[in-house]
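Visitor: Submitted below is the structure of interest, expressed as structure tokens.
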């Protein structure tokens, strides 16, 4: 049939058609026959287009999963934060699909030979500060460059020109008109960029001296504020047939009409996402759907498009909202319903924790355009701010936001000679439409080995030793320790200070902010944004800073605690509804308020032309509108009492919820007792009132912003007046709940009518001398306790004295013990000593007031709580109690509640114990207004360097973060007992706006940015420390555990 004689047609067997492998060693071919071409191929050659437009070839087995290819790409790029990225390709319908890691590639891509996959950013974080590596930020900048060119990142022409100018600065260095114009002729950044050419050049002139890393950061900072940042449209229509676009982001599912966002379904509102054929369904929580129907329906183009969008939503939700990946469900034996698709990478939380906890070593890299042109400042004036990496080992850490990232520059950049470039001919191809340059992947590989055997493959964290490279003298100037940036450095004993206390470490959480690593930061920045001198600007800035902290506090409940209870299915549905239906609306409101304040402050700090407009130098209109809206939330605030009560009851009834609750309180993100965060919404209202009073006091009645601020103050005062009694009741309930958990040996501490008055450390006279005890004064009784087993957070009840019939007398002369007084109770008499005369006066005043109140209360006093430990036989009323037992005896008795050997030691109870002081109910109430957040510079102890930290002051404690986006603090410093003052001449501090914190031998210096912020920090710290009182060391005849502890801390600090 037309076949040439002597040849044979090869017939496919059933096994060949099904893809079965031919047995090796036995040939079934006739002489002269060969295998089919597709049978000869043992590997697929996949082309991947990287973000710098270079092409790479990857060889993989045909049946391997997508993860194999992804792993090869990450390895070749040396990309550590790989979970932000993915591989995308176009299907036959020409829309982009993400390569699935857990699915075979040949089941996803029909013709792998003809498909070009491209590396792309998959998850866009809300803030570039969350990206840990400089290399990751560089890749993100390249992604935004691609989005600009493909018109995905739509924005105003001026903004597009500004972004392009920063990209130019990053790629070719400082402004040079001839070079700029030539570069822009060859490289396209914007569609029709000729129209914006002059504006791009004008902006580029202003970036002189800006390093590539700083330029990348500026690109990300500008882009993240745009509406279309990270948005990928999926065409759809609603039930009425209106054409819309769906998208997904870190906050939830978004709905657009054109380029206008018309709705946002936040993750906290969404109960379930599903699809059925072409219909995409969003099921809302019953308590939040409001005027909407329970389930919203959108129609996409096809089933595949619908399923693709659903998968992206699942991945975004898991990555940004969950603490870790959900456990895979067991497969059905016979039938399965629905998709088995799950996100298979690390969550953002896991990724950030991995970097913070693992001490990753950063690998240097080289930019694609680094050989074109280099900023002069990068080579000379600001060497520490721009890290220059030589293959021979010269490396200096620096970055706009990450001190551990590295930027590499090849020696050919410094010596523009005719040296040949390396070329990876084995695995690098060039797209005909792509400039032929060496990819960062190849450059990172070559950079790792170019130095030969003497070159270290990876530098340790911290300041590496500067090693001379070729052509560099060993006498080259080295950056001083104070001119290098670093993360917050802690001594080894306090490396994880906010999680559970480690066994063997000091129980007092007093961070030693040391110079470990030798890294510092010179606070003299060469360029500053324009800062208005008006005090109102700094008040608004305080509103913004404290609002950011407040939102983070709310997220402890709305995001982190919700995730914990949902994951374990530990909370009853009724309590879930009660809790989150009261917190979520408040959280959403404050998110919008924060956005408004951020935008207004950005205009306030903006260029002088925009700044001359009076509308930008005001905040009253925003405050008035939002303070009035807060009135509508009064009913939510009023139910927080019920929420707190029901949560406490549920934890007692449900052991699973109790376990999740306790476990969650040990997490770093829960830096205060969990129920404390339920008080934050009402406490925040008092803070608004305080700041509005400051604004009104600053403005004259004729000021254009005075009227709005005055009306806003009036509105918020009405709300706080209504809620004042609720806050008092809430604070008391929260404190009793906290004590019930931490005190062992007492039942039913929470009772109607019982009020907390004071807690603190006194020394009780026993036969063995003065023994340290923790005392708790309530409206009807006085408890005293001893510290439980070492390493636990519990105090064991040692005695309960009713206030009825109690008498308190001074007894300094009788016992020859300073600051002592005697407490006569109905069945017992004890002698106690305070640390100072001030402490003694506070205790005696509160005791006498409480005794008088209990006497006048009569029969209305609550029943005394029961004891769960054996009590001693009653003594004669005239007998003075001289206890036989000591702290060693106390360790012999241990309750089952003390099973949790880990605890958080920055609560007021533990700080009072170790600082030998006390705190009253009035002090706690005053601390509500003494809250502050903002950036401070902390001075290193052993150098002249300063380190920029985000600092939060709340609950008598300073919490330190690297940036305001961090989810949990790196360290904390309880301030009870500390004094705050201005440095003396002997301290050698020659800077403005510096204040000094001191407790015994522990001294810290912090520097504020302005006179106003300096005075505010001094005010709030003085208000907290003076109200609670400072406690110098006590002269004792007996043991002094607190002194020994401070000595241990001091020894570690030195």
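From the backbone N, Cα and C atoms, a Cβ is placed for every residue, glycine too.
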Visitor: Pick from 778-816, 817-855, 856-894: which stretch is listed in Swiss-Prot under region 'Disordered'?
Guide: 856-894
Visitor: Swiss-Prot annotation phosphoserine: which of 410, 439, 491 has it?
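Guide: Swiss-Prot annotates phosphoserine at 439; the rest carry no such entry.
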Visitor: Quick one: which of 237, 389, 505 has phosphoserine in Swiss-Prot?
Guide: 389
Visitor: Given the model, what does the mean pLDDT over the domain 'DH' (535-726) come out as?
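Guide: For the domain 'DH' (535-726), the model's average pLDDT rounds to 89.
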